[in-house]
Amino acid sequence: MAGGAAPVSGALLCALFWVVAEAAGAGPGGSPAPGAFGRVYRGAVNISAERVYAFAYSREPGQVDAVRVYVNSSSENLQYPVLFVVRQQKGVLSWQVPLIFRGLYQRTYNYQEVSRTLCPSEPAPETGPSDQIIFVDVASMAPFNITYELLVTRLENFQLETNKAFNFTASPSQPQYFLYKFPQDVDSVIIKVVSDVVYPCSVVSVQDIVCPVYDLDHNVEFNGVYQSMTKQAAITVQRKDFPGEQFFVVFVIKPEDYACGGSVPSSIHGNVNRTWNLQRTKNLQVTIVPSIKKSVYVQAMFFSFLSFLSFYLGSVVVAFVHYIRVWRKASAGRLSPEDGSGIMTSSHPITASTPEGSSYGAIDESSSSGGRQLSSPEHRPPAGSDTDSSVEEESDFDTMPEIESDKNVIRTKVFLYLSDLSRKDRRIVSKKYKIYFWNIITIAVFYALPVIQLVITYQTVVNVTGNQDICYYNFLCAHPLGVLSAFNNILSNVGHMLLGFLFLLIVLRRDILHRRAMEMKDIYTLDYGIPKHFGLFYAMGIALMMEGVLSACYHVCPNYSNFQFDTSFMYMIAGLCMLKLYQTRHPDINASAYSAYASFAVVICLAVLGVVFGKNDMWFWVIFSMIHVLASLALSTQIYYMGRFKIDGPDSDLGIFRRVAMVLYTDCIQQCSRPMYMDRMVLLIVGNLVNWSFAIFGLVYRPRDFASYILGIFICNLLLYLAFYIIMKVK
């Protein structure tokens with residue numbers, strides 16, 4: 001009986017409509033006319049004549065039916081549009097034809113063909129079929145007839161299925177939306193949308209089962225979660241966010257492409273600000289797949305922490321093995337004084353002579369002023385004393401005391417030794433390098449706190465407004481957790497913090513061992529090997545940890561404007577590594593902490609200016625390239641002359657230019673065939689060529705990602721200097 005009730009009810013309902021129409025004087029003046037699904041109705045309306053159509057259908061229990069209304073009018077009269085009003089059981093939907101969309105600079109886009117999906121009513125709990133009625137009113141205030149077409153159909157594929165692709169077409173005046181219900185065993189799904197073409201720009205929105213459904217360009221942002229789309233889009237939806245365990249997926253085509261990074265169509269430039277029936281149809285494919293389960297989150301976090309903690313375990317094992325090795329040597333009476341810190345393993349001083357052509361860094365008992373022969377321990381002054389305990393045997397310069405202390409004489413020798421560049425009191429130099437550590441902690445605190453506050457605000461805005469265009473995630477790989485939209489991207493930065501902390505522990509251990517050796521007045525620790533200053537190492541460890549913190553902050557809500565959060569400490573890490581390599585064999589002339597961090601601040605300021613002006617402004621790239629080239633030349637000059645190049649000519653203004661001309665003549669013309677410092681010259685020529693290539697590349701191509709461009713400059717210079725350092729060590 002239930003199966004045969006639907007035709008009987010529909011027939012009785014149609015008969016009832018005809019009776020009412022006859023009793024009221026049926027005609028085009030407002031009487032409802034019965035309509036049939038799938039049939040095209042043509043007519044004309046004016047100020048005194050309107051049409052009303054009634055569409056009746058039966059719905060099975062628990063079934064969600066969707067109805068789509070297609071209308072068309074040939075009229076281009078914007079003063080007297082045709083008005084369509086659809087009345088349902090719990091809502092009213094209305095629009096006009098021509099349908100008007102507004103773009104930038106008061107441009108309008110008019111469409112004469114419109115189709116809308118009516119908001120489906122919720123399935124009723126009754127046991128039998130229920131009758132539904134839809135009224136479509138067609139009217140116009142025009143004093144003349146305006147023709148129209150009307151078509152009402154029932155959608156067969158309104159509900160999307162899991163793991164099943166569905167293809168459809170949409171346009172600005174013909175948006176689409178579909179229903180999805182969560183399966184019983186699925187708590188989170190990913191909506192994947194793809195298209196073969198980039199434009200027209202489209203918007204994908206996820207909205208709750210509430211009428212009306214916002215499916216037009218000017219109101220799609222009023223409800224739910226949405227993001228713009230070119231060729232791909234993905235939105236992760238969780239069951240807990242929808243009490244009814246179902247939602248609508250809405251697809252809207254934008255009338256212009258600027259929201260997706262496109263430009264305004266050339267056909268509407270100039271004085272023309274009105275466009276009719278612009279063809280902006282887009283073929284889309286939507287697939288809804290289950291997301292990862294909670295157990296996967298737990299496994300990923302456990303595996304990540306276990307992987308990085310294995311480095312801690314390995315460090316403990318290495319330290320324990322080293323301790324056993326030292327203990328065994330001590331028991332056998334063969335322990336060298338510095339074996340505990342892993343620097344020196346021999347039990348006697350190095351006595352090998354230095355070849356004539358060697359550069360600085362060699363250890364020789366009979367070198368220049370720094371090549372000192374050790375006195376016996378009983379005649380040695382206390383550690384840290386300013387008294388020179390060496391005996392001068394050979395020297396490249398006069399041994400007069402005033403000449404001995406003249407930096408210009410020492411640092412401009414043809415053959416430099418490490419001891420020539422490590423003449424200052426080690427306690428003063430160590431304190432100088434500890435400033436790096438304390439300064440970077442201060443910088444990190446003052447830099448990180450506003451960043452954390454800002455990204456929390458960003459994430460709150462995303463969660464409240466639903467605008468996912470604020471943050472540029474890789475939505476196909478983003479897995480939310482709690483209030484975080486991409487927890488996995490944040491988790492990936494744990495390694496920076498854990499390994500940075502491990503690096504600090506290793507440096508602390510070496511520092512403690514070195515201090516113990518100094519307290520024992522170990523002659524090998526104090527006078528042999530590379531000077532040991534740990535301030536830069538501590539600063540590098542803090543920088544690595546802060547890179548993890550700020551990178552995690554950036555990935556809370558990544559976008560183009562806050563990309564500097566992810567790169568700021570990358571610049572500092574690269575700069576500190578270069579400073580550490582240089583400080584290893586130039587401890588007395590390395591840059592101070594204040595100069596170094598001021599330089600990093602200038603770089604970050606340039607990065608901010610590049611984000612703002614670096615996209616299209618040619619003047620910015622000209623100025624930046626000039627600064628880059630001049631800075632490379634200035635730094636090269638300081639490195640080549642070991643910080644002793646000064647323009648200090650006579651008091652007259654022309655004295656400066658005479659000094660520059662003299663230096664260029666003596667060093668570049670007279671000695672062009674054989675520079676005084678060949679190794680440094682080769683390094684600086686290669687380095688300048690690389691940096692000038694970067695400057696020319698930026699000036700010609702003007703890359704949009706300016707922050708990554710500067711980071712590339714830092715990394716290339718770091719790798720270049722590291723390669724030079726290794727080559728010189730081997731040589």
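Glycine is no exception: its Cβ is also placed from the backbone N, Cα and C atoms.
Residues or ranges marked as transmembrane segment in TrEMBL: 300-324 (among others).
The region 'Disordered' feature in TrEMBL is assigned to 334-398.
Taken from TrEMBL, the feature compositional bias 'Polar residues' covers 343-357.
Annotation comment: TrEMBL describes 389-398 as compositional bias 'Acidic residues'.
Residues or ranges marked as transmembrane segment by TrEMBL: 436-456 (among others).
The transmembrane segment annotation in TrEMBL covers 490-508 (among others). Packing against the transmembrane segment (490-508) from elsewhere in the chain are residues 300-301, 304-305, 307-309, 311-312, 315, 484, 534, 537-538, 540-549, 551-552, 555-556: each is 6 or more residues past its ends and has a CB under 8 Å from a CB in it.
Per TrEMBL, transmembrane segment is recorded for 536-557 (among others).
Positions annotated as transmembrane segment by TrEMBL: 594-613 (among others).
Outside the transmembrane segment (619-641), and at least 6 residues removed from its termini, the chain residues within Cβ reach (under 8 Å) are 411-412, 606, 609-610, 613, 677, 680-681, 684, 687-688, 691-692, 694-696, 698-699, 702, 713. Sequence annotations record features per position, and here TrEMBL assigns transmembrane segment to 619-641 (among others).
Long-range neighbours of the transmembrane segment (681-700) within the same chain, counting only residues 6 or more positions beyond its ends whose Cβ lies under 8 Å from a Cβ of the stretch, are 621-622, 624-625, 628-629, 632-633, 636, 639-640, 675, 709, 712-713, 716-717, 720-721, 724. For 681-700 (among others), the entry in TrEMBL reads transmembrane segment.
Taken from TrEMBL, the feature transmembrane segment applies to 706-727 (among others).
Within its own chain, the transmembrane segment (536-557) has Cβ neighbours under 8 Å at 433-434, 436-437, 439-441, 444, 447-448, 451-452, 455-456, 458-459, 462, 470-471, 484-486, 489-490, 492-497, 499-501, 503-504, 507, 563, 565-566, 568-570, 572-573, 576-577, 579-580, 583, counting only residues six or more beyond its boundaries.
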